[in-house]
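In what follows, a single structure is set out as structure tokens and then discussed.
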Ligand SMILES: C[S@@+](CC[C@H](N)C(=O)[O-])C[C@H]1O[C@@H](n2cnc3c(N)ncnc32)[C@H](O)[C@@H]1O
């Protein structure tokens, strides 16, 4: 790997004797990992081994996911580099909380947080660039997340809308990416001696907005995938000096994992910076990461006005009847609270509980998309197939047989003699939902989305 000379000199100086193993590790192989999705009914992958667990990630394993496999397509697994799996474990979202992932695409940490929350509470996941927010939204859908708002907004607009609102906030900051040099050598071409300082300044701007959204007593996690002290310990030292209402919390570095303390001597020397965590490729099987966990003290007086809730939409009596019939006939096991229904054009979403008003924020997904009104009928959304447990559907059809699987994901209809009633059928593979078909006259008509067929 051709590393810039200034990078080599910098880390020889910072690491001294440790720099040899560090540079050797950067020449070594990249460790691949994946996470199992606790939201799915069947937890047994068809094509991946669970023999090599990752010690710092309860659902994490070493291994490489194939993008077109049943395990990936049904959302049972998310391919994620091992070190990156530590970050959401540090945030430790709880069911029922309000959680924000501020720089979230493509969704590695958001999907992990969604698993921790078990569908309860509000997960607001945001990405500033719209094209990347679309990928984030697709991953949230594939993972079967029911309680996520996916938005595409600048952090300052979100901070204006949702001050003091969240129990937990994650900023996985856009950084100089030094920790990814081994996995993505293109990152080296963006690097220059001054680049980490430029990135640190951008992180400070985003952090100022992140801080404003943490409620008193709430938790903020800041992470990067760079070794650069400017973006790591120095940024946290800046945060603590600028926002004295925040204090560092201890991170459990998982005995024997190789996860190291942060380095106070690389910032202003304050000793509590040892509470932050560094993941180095010479110490563990993963890429480079930095994580800090902070708490906003809760001894301040509440002065902010209460945040308004998003109003639900009303439906005509004909629409209500169509929707209720659909739910009864297709997903009788799904409990739908009609006071949380929202309409985006023809599409109907079930919002998360206590969802705040969206204001002018661009929303891509407002909870679980149930389906859409068509002329005189209601059709299920693909998201619903991935989010429900198969036993919540009225009818299921297993396509584990490889020719049925291939035909279905190509978009073909399937002929069957199975004892099915006319109507929508949840197609399953490996015991988990993969999409819809409509059974008519002995044939399963294909509803797998055109954009996903392969
Ligand atoms: C490290 S990546 C996030 C990875 C993600 N958390 C995951 O686990 O999949 C940082 C993200 O910040 C976004 N970003 C870039 N500039 C930003 C800005 N000024 N404000 C907020 N986010 C920004 C990038 O587009 C990128 O998606």
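A Cβ is built for glycine as well, from the same backbone N, Cα and C atoms used for every other residue.
Caution: TrEMBL annotation is automatic and unverified by curators.
According to its DSSP assignment, residue 225 (active site, nucleophile) is coil. Sequence-distant neighbours of residue 225 (active site, nucleophile): residues of the same chain at least 6 apart with a C-beta under 8 Å from its C-beta are 83, 84, 175, 177, 178, 179, 180, 287, 288, 289, 290. Annotation comment: TrEMBL describes 225 as active site, nucleophile.
DSSP classifies residue 109 (S-adenosyl-L-methionine binding site) as helix under the three-state reduction. Per TrEMBL, the feature S-adenosyl-L-methionine binding site maps to 103, 104, 105, 106, 107, 108, 109, 127, 154, 172.
According to TrEMBL, the feature domain 'SAM-dependent MTase RsmB/NOP-type' maps to 1-297.
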Neighbouring C-beta atoms (10 Å sphere around the C-beta of residue 154 (S-adenosyl-L-methionine binding site)): 13
Residues near residue 103 (S-adenosyl-L-methionine binding site) in space but at least six apart in sequence (CB under 8 A): 126, 127, 128, 155, 171, 172, 173, 174, 206
Secondary structure at residue 103 (S-adenosyl-L-methionine binding site), reduced by DSSP to three states: coil
Residues near residue 107 (S-adenosyl-L-methionine binding site) in space but at least six apart in sequence (CB under 8 A): 78, 125, 135, 136, 139, 140, 143
